[in-house]
Amino acid sequence: MAGRRPAPAAILLVLLAAAFAPISSAVRPVSDAHRSAAAELFAPSADGSFGDLESTYEAVRTFQILGLENYKSLSGKACKFAAENLASPGSTAKDLFHAVRISGVLGCGVDARVYDGVVAKLKAVIKDTNSLLEFYYSVGGLLSIKEQGHNVVLSDAESTFHAIKALSQSDGRWRYDTNSAESSTFAAGIALEALAGIVSLADAEVDPSMVGVVKNDIVKLFDTIKSYDDGTFYFDEKHVDATEYKGPIKTSASVVRGVTSFAAVVSGKLNIPAEKILGLAKFFLGIGLPGSAKDCFNQIESLSFLENNRVFVPLILSLPSKVFSLTSKDQLKVEVTTVFGSAAPSLKVNLVQVLGSDSKVITSENKELQYDLDNKVHYLDIAPLKIDVGKYSIVFEISLQEPEHETVYVTGGRNTESVIVTGLIKVNKAEIGISDNDAGTVESVQKLDLLKDTKVSLSAYHLQKLRLSFQLTTPLGHTFKPHQVFLKFKHESKVEHLFVVPGSARQFKIVLDFLGLVEKFYYLSGRYDLELAVGDAAMENSFLRPLGHLELDLPEAPEKAPRPPAQAVDPFSKFGPKAEISHIFRAPEKRPPKELSLAFMGLTLLPFIGFLIGLVRLGVNLKNFPSLPGPAAFASLFHAGIGAVLLLYVLFWLKLDLFTTLKYLGFLGIFLVFVGHRTLSYLSSVSTKQKTA
């Protein structure tokens, strides 16, 4: 097949990026990347605020969980914002709920009388409402006040528990109020969190039978959980209005908060499958770096609840690197931690199976990974596994060493991770040549060293074929088939053609019949530069190698033959350097001989010499030079001006142009008229006096 003008860098990068794409989305514990993302997503505005009360709480709570210090520097403004809402008589239960939680996170100093007023207001809401959200905000606010050291007791906890339970449905989901026709998974999460708060605030034990019913509702709720093929589990709404739809992240976060909160305050253990708790942890970690502040808060807070809960604490198996080099003899390293990267209890990690990209079993030998206590990683040398370059799925099995840990932690048993093993690929038996179209006899064959700069010079016409062949072998001697092998022709007019080099079990070989390609080549004869691109994610020595050039002689193009495509114009080329402009000047006039010029200069000096001789013959003297200081000064200036004019003539002859000389001469002329007039006037008056005397 033929293409048009592919970017050279893109030829090697496109498929490499596609090959690494699945690996880049691997599940990893919370890291500094999450902290940087949170600091960016929750950046305060110019006045130091985070927005409304809910956004402020989500920001400071996220910073608190991640151990960031950002929120402490802004605690003064946030505490003031919360205090204003706590003291305001117009604050709703939702406002009080978020304001109380902000004060709890930041440790704001709130007057006990203010909290007493808030407690009374929230209890009044609980007494009069039948809305699940009002129950949630009121109970949550009271619980937060209690956790801050204030004595808060809910005397009618039993009836409130029953009022919230009355909104539950047979499938484990909840309605928002008695008038709602639809039930919601998100509502189930906040209902469970509210029930957990009631149990904590109750002045007496809540009816155990009702607690048992709620436990059964939780089991039904987990029956509606959804999953992916990789063991990831998440919650989502079934049928709700678009205005009430929360999305998988927010819905799953609500359920995680509710279930873990309820499990923390009731006796016994919830009957929830361990793999679903682990799947929820994988779901939130699989988000990677969230794109919004709301998703970031739900991700981080949900993981904080899963980090330490009474259901099951998920342990995450992850690989610090998923690319291993046979050349540098890399070790296979595995980390097993909690979702926040805390150390796991004593356990063993075994490699039980290695599958190829086609799911074929490469090895099923069970090998236990060694544990590096200093770096807290399990490791294994991959050389004894006899794994060749390529993509593999490695199956690990995690087993806890202490039996009592099996009721606390969940490992998922077997975990599958995708890896890439890289190495240097050998290129052998590379040949290029031209053969006749009919007989198939090869006119010229040249050997190529594709790992070095080898350039050939070929020539062909339209009745001939170009043949290129080579072999690729792995470090273990197997035939290697990379993701991409392209041969590119680039005409001297910049028109490019791209051909895929097909591969067989033994070699890569392409035969180009120029007779069938004359239209694709647009009947363009001339020089074609040849380039071969071979690339793969597992190939450490991928290359884009110039092969040389081909002088191709094609027939003249018929009238209706396709024309070459217009070449793309770089939009930034107009800002580049322009072509140099060469000026052609008129040839200078022929000048006279040097001797003639000197003779002419001598003739121009003759009047001056005659002037000097005349002065001598006339007997020049200074008898009439003024003796008084004033007239003498003007006379001196007059003579100096005459000298300056003579000097100006000399400078004009040597270096000054006509316009500059005339400018200076104008100033000197005005000066000479003034001082000359004064001098001549004085001499005239002296002469008149002498005659009258």
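Yeah, the Cβs are placed from backbone N, Cα and C, and that goes for glycine too.
Fair warning: this is a prediction, and the values are worked out from it, not measured in the lab.
The feature domain 'Ribophorin II N-terminal' is assigned by TrEMBL to 31-307. Taken as a whole, the domain 'Ribophorin II N-terminal' (31-307) shows an average pLDDT of 92 in this prediction.
Annotated domain 'Ribophorin II second' per TrEMBL: 315-421, in sequence order.
Taken from TrEMBL, the feature domain 'Ribophorin II third' covers 429-552.
Annotated domain 'Ribophorin II C-terminal' per TrEMBL: 585-683, in sequence order. Broken down with DSSP, the domain 'Ribophorin II C-terminal' (585-683) shows 77 helix, 0 strand, 22 coil.
Among the features that TrEMBL reports, signal peptide is placed at 1-26.
What TrEMBL lists as transmembrane segment is 598-620 (among others). Counting residues 6+ beyond its ends, the transmembrane segment (598-620) has no Cβ neighbours under 8 Å in the same chain.
Using a Cβ-Cβ cut-off under 8 Å and counting only residues 6 or more beyond its ends in the same chain, the transmembrane segment (632-652) has close neighbours at 625-626, 658, 661, 664-665, 668, 671-672, 675-676, 678-679, 682. Annotation source TrEMBL lists transmembrane segment at 632-652 (among others).
Annotation comment: TrEMBL describes 664-683 (among others) as transmembrane segment. Sequence-distant neighbours of the transmembrane segment (664-683) (same chain, 6+ residues past either end, Cβ-Cβ under 8 Å): 624, 626, 631, 634-635, 637-638, 641-642, 644-645, 648, 656.
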